[in-house]
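Asks: Okay, so Swiss-Prot annotates it like this:
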- LEU111, GLY115, HIS116, LEU117: (6S)-5,6,7,8-tetrahydrofolate binding site (BINDING)
- LYS220: N6-(pyridoxal phosphate)lysine (MOD_RES)
- HIS219: site 'Plays an important role in substrate specificity' (SITE)
Amino acid sequence: MCKEIYDLIAKELYRQQSTIELIASENFTSKAVMLAQGSILTNKYAEGYINKRYYGGCEFIDEVESMAIDRVKKLFKCNYANVQPHSGSQANQAVFLALLKPGDTILAMDLNSGGHLTHGAKPNISGKFFNAVHYCVNKDSYLIDYNEVEMLAQQHKPKLIIVGYSAYSRKINFATFKEIADKVGAYLLADIAHIAGLVATEYHSSPIPYAHIVTSTTHKTLRGPRGGLILSNDESISKKINSAVFPGMQGGPLMHVIAAKAIAFSEALMPQYKEYINQVMLNAKVLAKLLQDRGYNILTGGTDNHMLLVDLRGKNITGQEAEYLLDAAGITCNKQVMPFDTTSPTITSGIRLGTPACTTRGFKENEFITVGKYIADILDNIAIIKSAKKNEGITITEIEKSLNSVITRTKHHVQELCNCFPIYTN
């Protein structure tokens with residue numbers, strides 16, 4: 001490996017080791033997953049499917065893909081699986097290609113309410129090729145408004161209804177979505193990219209009995225390599241999906257990644273993985289309560305999964321400011337648009353916090369109480385400084401200078417805590 005790349009990898013390893021990772025979509029894979037992903041399987045082209053390849057020399061590749069498929073079907077208790085999508089976005093695009101025609105109507109959650117770009121957002125290909133209609137959360141509870149979903153479905157008669165989100169902290173009633181889809185003759189797609197680990201361990205109800213098709217990423221709560229996944233119990237739809245993935249969307253599958261997926265699925269079938277997901281959820285609840293007790297507005301009043309959404313509109317703090325200054329203190333999170341947010345997506349009015357990565361490191365409730373205090377201390381000080389300068393205006397850089405002692409002290413405490421929980425030993 002060249003020195004330049006080696007040095008950058010070393011720096012990134014140090015960053016991951018010495019900071020608190022609270023981005024809900026990130027996690028730390030096992031060494032076994034990384035070993036497979038860095039294996040000689042990357043050398044092999046394998047266009048096509050098991051026993052139906054367009055290249056020779058795929059006998060062992062077929063076994064790898066077969067193993068991944070068998071394991072994920074067991075994990076999610078389904079009949080059909082495609083493990084070839086390179087990402088969750090491409091998994092969703094394959095579903096659109098398989099089931100829709102350009103101009104068809106799709107019904108999905110609005111981006112500001114917690115939906116995903118690939119669910120018909122205007123900048124995304126899904127919003128350019130299809131007529132996207134969006135439902136929102138309830139303005140008072142910030143929960144899914146099932147009545148609005150049904151009303152819009154009856155009004156617009158979508159070909160596809162999408163359920164599953166990137167910023168929603170409560171449980172989803174897949175059965176209700178199935179009833180709505182059936183009333184209007186729509187396909188139902190469940191995108192469980194964020195909650196796949198909870199579904200696999202039965203801490204969240206499974207969409208498999210209700211949705212025509214289920215997509216997911218293989219990282220996030222599944223703790224595997226970055227990649228995509230498509231599941232179904234419908235044989236005819238699964239055949240359409242296979243054709244949409246290859247040759248419709250992709251050429252050769254990434255066999256080194258599929259091997260890593262197989263390992264991650266095997267790890268998720270182990271009893272300790274269920275214990276891990278339970279701890280992820282406990283940690284999220286503890287963090288949400290701590291921040292609530294410190295006066296911060298947690299959307300929906302709490303969480304049922306691995307994430308929480310902190311609405312900072314009442315504190316006169318932007319998501320951009322919170323993300324930047326928490327990062328300066330060694331706490332990594334992401335700014336997040338809030339429901340009915342009027343600020344730019346590059347500014348936002350809140351932050352999203354997730355517990356999977358730090359739980360993988362071994363953090364439990366006590367550690368997350370400590371983390372919550374660090375976060376609240378930083379945010380409290382931002383609010384104080386901005387309040388004192390409210391008539392003059394103040395930049396993030398100026399806030400950072402004023403917070404220098406608090407940031408320095410917090411960063412030191414963060415590093416001490418992280419040193420007690422190494423990501424990888426040896």
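Cβ atoms are placed via backbone N, Cα and C, with glycine included.
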Asks: Roughly how many Å lie between the Cα atoms of LEU111 ((6S)-5,6,7,8-tetrahydrofolate binding site) and the residue listed as 'N6-(pyridoxal phosphate)lysine', rounded to a whole value?
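Replies: Computed Cα spacing between LEU111 ((6S)-5,6,7,8-tetrahydrofolate binding site) and the residue listed as 'N6-(pyridoxal phosphate)lysine' is 19 Å.
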Asks: With Cβ-Cβ distance below 8 Å and at least 6 positions apart along the chain, what are the contacts of HIS219 (site 'Plays an important role in substrate specificity')? List them in sequence order.
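Replies: For HIS219 (site 'Plays an important role in substrate specificity'), the qualifying residues are SER25, GLU26, ASN27, THR29, PRO225, ARG226, GLY227.
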Asks: Taking 8 Å from the centroid of the Cβ atoms of LEU111, GLY115, HIS116, LEU117 as the cut-off, which other residues in that chain fall inside it around the (6S)-5,6,7,8-tetrahydrofolate site?
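Replies: Neighbours found: ALA108, MET109, ASP110, GLY114, THR118, HIS119, GLY120, ALA121, ASN124, TYR165, SER166.
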Asks: Tell me which of the binding-site residues LEU111, LEU117 sits in the most Cβ-dense spot, judged by other Cβ atoms within 10 Å.
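Replies: The most densely surrounded of these binding-site residues is LEU111.
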Asks: So what sits near HIS116 ((6S)-5,6,7,8-tetrahydrofolate binding site) in its own chain, CB-to-CB under 8 Å and at least six residues off in sequence?
Replies: GLY164, TYR165, SER166, ASP191, ALA193
Asks: Near LYS220 (N6-(pyridoxal phosphate)lysine), which residues of its own chain have a C-beta under 8 A away, given they sit six or more steps off in sequence?
Replies: ALA24, SER25, GLU26, ASN27, ALA193, HIS194, ALA196, GLY197, PRO356
